[in-house]
Amino acid sequence: MSDLCVGINGFGRIGRLVLRACLQKGIKVVAINDPFIDLQYMVYMFKYDSTHGRYKGEVSMEDGKLIVDDHSISVFQCMKPHEIPWGKAGADYVVESTGVFLSIDKASSHIQGGAKRVVVSAPSPDAPMFVMGVNEDKFDPSSMTIVSNASCTTNCLAPLAKVIHDNFGIEEALMTTVHAYTATQKTVDGPSAKAWRDGRGAHQNIIPASTGAAKAVGKVIPELNGKLTGMAFRVPVADVSVVELTCRLSRPGSYAEIKGAVKKAAEGPMKGYVGYTEYSVVSSDFIGDTHSSMFDAGAGISFNDNFVKLISWYDNEFGYSHRVADLLLYMHFKE
């Protein structure tokens, strides 16, 4: 068990799975804040999950606290981050998983409540962005209080792009993520004034959408800044997404050599973050997979030694939540 104590703000899809990931990794979660979920409902929501299954341990409530196995977790329902008594609860770090307080200015409100650092579980417009296995060594504990764990798609794409760029060089690349639907979409057609297609029924359609994930790679791998862009298709599956990366390489490499480079990384410096498979897999095979990026060796194609299409799967919920937990541990270690 780590001596790191963590609070979670927002007990939605990512907040609940970050709690699961922290429990698996021995991180002590001491407090949860969500103004829209009372304690009794919190017990129910954590215990039962339609995608990842019932929590295998014991979940209950006692004396106004959430009890998970033998862990007692304080519960708050504050609307404003600065009102949450993180310090009183003993939370050193806070995972900001509401999707609302993304900027340094807004996320810094948690510091007023007694937290020492904040990890935003989404892309931030101005906070330093980290992808485990790619650029976590750039974390500076002396100057970085608010950081971002980037997006689930960037966490899948960046490690793969790093392996390819380090071994063959990327001249330019296009990415498409075929992405599971999320809570921001509509179950049936509804209003979406800014992006009309986003308002169409999520389980009825393949929906072209925008994503900043490819451009964000340039923030974590500066040498690739301006060399990648991409788009998304939202598709009717509840979990697991897949990145398709089409690259023009600087140095020629056969598809066999590319597979070898990714496999070497998956078994070496990126073990746990990048996976490698040659099985004939489909999306549901990766529900609950904790890798950031699972390279599908059998699905990619090579047009020639300088032009390739690479495929990598990711559990956009569970894999990402494990990276949040890993970043917490890494930051604590660096302190």
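In case you wondered, yes, glycine gets a Cβ from its N, Cα and C as well.
Since this is a predicted model, take the numbers as computed values, not measurements.
For the D-glyceraldehyde 3-phosphate site that Swiss-Prot gives as SER151, CYS152, THR153, THR182, THR211, GLY212, the extra residue drawn from ARG117, ARG197, ARG234 is ARG234. Taking the Cα of ASP34 (NAD(+) binding site) as the reference point, the closest of the recorded positions CYS152, THR153, THR182, THR211, GLY212 is THR182.
A simple way to gauge crowding: the CB of SER151 (D-glyceraldehyde 3-phosphate binding site) has 22 other CB atoms within 10 angstroms, across all the protein chains here. Of the recorded residues, SER151 (D-glyceraldehyde 3-phosphate binding site) and ASN316 (NAD(+) binding site) place their C-alpha atoms 9 Å from one another.
On a Cα basis, THR211 (D-glyceraldehyde 3-phosphate binding site) lies 16 Å away from SER121 (NAD(+) binding site).
Ranked by how many other Cβ atoms sit within 10 Å of their Cβ, the recorded positions ILE14, MET79, CYS152 place MET79 at the bottom. Surrounding the centroid of the Cβ atoms of SER151, CYS152, THR153, THR182, THR211, GLY212, ARG234, where the record places D-glyceraldehyde 3-phosphate, the chain contributes additional residues within 8 Å, namely THR177, HIS179, ALA213, ALA232, SER241, ASN316.
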